[in-house]
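J.: I am attaching a structure below and will ask some questions about it afterwards.
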Amino acid sequence: MADEAPARSGFRGGFGSRGGRGGRGRGRGRWARGRGKEDSKEWVPVTKLGRLVREGKIKSLEEIYLYSLPIKEFEIIDFFLGSSLKDEVLKIMPVQKQTRAGQRTRFKAFVAIGDNNGHIGLGVKCSKEVATAIRGAIILAKLSVVPVRRGYWGNKIGKPHTVPCKVTGKCGSVSVRLIPAPRGTGIVSAPVPKKLLTMAGIEDCYTSARGSTGTLGNFAKATYAAIAKTYAYLTPDLWKEMPLGSTPYQAYSDFLSKPTPRLHADA
C-alpha cells in the first residue's frame with residue numbers, strides 16, 4: 001500500500017495505478033481524432049467580418065485593427081497568421097471546487113500564442129480534461145491576439161527592436177514594467193515575460209516586476225497587458241491627423257446585404 005500511495009496522489013495518472021497509461025492514452029487519442037476532423041472541416045464564417053475575410057475583401061489584420069473591429073472567430077487569425085503562429089503552454093494547474101459530493105477537480109491551462117513578428121495573444125481556459133482545456137485556451141488566445149508596436153532605443157537605424165516607450169501592465173498584485181533597451185541587450189526578464197516578449201517579436205527590453213510574481217497566471221496577464229499598451233500611447237509621431245475612410249462594413253454593405261447560403265445537415 002505504501003508503494004502505491006504516490007501513484008494515487010498524482011492527478012496526471014488517472015484514478016489509481018490501473019488508470020495510468022490507459023486513461024491518458026484514450027484521452028490523447030480522442031483529442032487527436034477531434035483535431036483532425038476540425039482541421040479538415042471547411043470554414044463557414046458566421047459573422048460579417050468573417051465573410052469579408054473569406055472573400056478577400058479585407059487584406060490584413062492591420063486593417064481590422066485600424067477600425068477596431070471585434071474578432072469573434074478564431075479562424076480569422078488562422079486565415080492571416082496560420083503558418084507563422086506558434087503556441088506554447090505556459091502552465092497547467094489543477095483547481096478544485098467544494099461540492100456536496102466532494103471536491104470537483106478541473107484543469108486550468110495558460111497558453112501564449114504569437115508569430116514573433118508583432119502579434120501576441122494569451123488564453124486561459126478551465127476544463128475537466130487537460131486536452132480540452134489546452135484546446136480551448138488556444139482558441140481564446142487567438143481571439144485575444146493584439147498588435148505589438150515596436151520602436152528604437154536611440155537612433156532610428158535598422159528595424160524596430162524594442163518597445164517604443166516605458167509601458168506598465170498590472171493584474172492582481174503583479175505589476176510589470178517594460179523599458180526600452182539598446183540593440184544587442186536581449187530580453188532581461190524572468191522566464192515568463194521573456195517567452196511572451198519573444199513571441200511578440202521584441203528583441204531587446206529591460207523589465208521590472210513587483211508583487212506576487214510566483215503566481216504565473218497574473219504574471220503572464222500583466223506582461224500581456226503591458227505589451228498591449230504599446231499602441232495606447234500617443235507619441236509625437238502619431239500626432240498628425242490621418243483621415244479614416246469608411247469602415248469595411250460600410251464599404252462592402254452591398255456584399256453583406258446578400259443572403260448567405262445556409263448549410264443543411266446530412267441525414
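Sequential numbering from 1, following the chain as shown.
Cβ coordinates are placed from backbone N, Cα and C, and glycine is handled just like the others.
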J.: With Swiss-Prot open, pick whichever of Ser60, Ser189, Ser208, Ser246 is annotated phosphoserine.
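T.: So the answer, going by Swiss-Prot, is Ser60.
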J.: Please work out the helix, strand and coil residue numbers for the domain 'S5 DRBM' (85-148) from the DSSP assignment.
T.: 14 helix, 38 strand, 12 coil
J.: For a quick check of packing: other C-beta atoms within 10 Å of the C-beta of Ser60 (phosphoserine), how many?
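T.: Around Ser60 (phosphoserine), other Cβ atoms within 10 Å: 10.
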